[in-house]
Structure formats: C-alpha cells, structure tokens
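Each remark here refers to the structure printed beneath this line.
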Amino acid sequence: EEIQRETAYPDGKVEKVLKNGCHLIFFPNGTWKKVDSDGKTVTITFFNGDVKQVMPDQTVIYYYADAKTTHTTYSDGLEVLQFSNGQIEKHYPDGKKEITFPDQTIKNLFTDGQEESIFPDGTIVRVQRDGSKTIEFNNGQRELHTSQFKRREYPDGTVKTVYMNGQQETKYVSGRVRVKDKDGNIIMDTKL
C-alpha cells in the first residue's frame, strides 16, 4: 500500500498512515500494530511471534506462537482455547467448561462440581460432587459406582451389585435373588 504520511517519534516508534486509511505503528522492540481503516479492527504482532487481534465486535483473538495456541474471547464472555494437538476448551461466562479432546471425547465441567464425559463410542460417564459415578454404556447397560458398592443394570432388568466387602448380589427380572460371598460362594439363591 502507498504511504500517505510517516512519522518517527523520539522513543523510536514509527507510525505510517497508508492512503487506504490504515495506521501501522512499529515499535523499537520489533512489535508492530495495525489499525484498519475502520478504526475498529486492531492487530498487534509482538516481537515473540504472538498475535493479538481485536475485532469490530470486541472479540479478542490471541495467538500464542510458542504454544501454537489460540485464545478467543467473545464480547459475551465466552472464551475458546484451541491447542495445537486439536484439543478445544470452551469456558462459559457462568463458569461451565467444555473440553473436546483430540479423540473427540467431550468433557463438561459444571459449576456445581459435577462432571460429564461423552466418549466417541457413545458411553457417558457422570461424576457427582460426592464422587459417585454413573456410566451409561452404548449397549444399554448402566453402572453406578458409590463408596459403598458398584451396581450394574442390564437392559433385561437384571441388577448385579458388588459391595465393598466383596459380597455380590444379583437380582433377576424373574424375582430370583442370588447372593455370593467375597470368595464367590453362593450363600443364598431364591430360585423360583
């Protein structure tokens, strides 16, 4: 672009105004700033390779050169981080975070301390604040993990519970209940 005016300042800064209305400001440390002719789009290229852009809608896009990471902050407060390995994190204004990992697993971190992970195969894991965990498998099975037991629920209605002392209890949809001790010995079976 053709230069309309160039000004050198005592501090070493140089400002160039282009005929199209853009302003370019060069700093002695190698950093430079471009203000587009609209006066609303600003790009700063830092001496270390980082780049900060401020868009007309006040969206701020910051690229960290060393980490190859882009951090975008939208005017509504949403922040999105894009990492070089493909991981994407969204930080919502209400405090919720959503992380998409390179394998497309999605992890949601809620403000109340709960977590939810959705795996590519459709499995969903939910962790409550108390540490209890619910796992929903794509085959219809469901597991509940607490400090007292682990319980698996099958699509046919069968429920198998393993208690912390090792005892196992299986309740079948027919009403039958079978209990085994920690060594696998049957201690009760209500065969119907």
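Using the three backbone atoms N, Cα and C, a Cβ is placed for every residue, glycine included.
Features reported for this protein in TrEMBL:
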type   : residues : note
DOMAIN : 4-33     : domain 'Centromere protein J C-terminal'
DOMAIN : 76-103   : domain 'Centromere protein J C-terminal'
DOMAIN : 111-145  : domain 'Centromere protein J C-terminal'
DOMAIN : 149-179  : domain 'Centromere protein J C-terminal'
### Query
List, by number or range, the same-chain residues at least 6 past the domain 'Centromere protein J C-terminal' (149-179) whose CB is under 8 A from its CB atoms?
139-143, 186-192
## Note on the structure
Per DSSP, the domain 'Centromere protein J C-terminal' (76-103) contains 0 helix, 12 strand, 16 coil
### Task
For the domain 'Centromere protein J C-terminal' (149-179), would you mind checking the mean pLDDT of the predicted model?
95
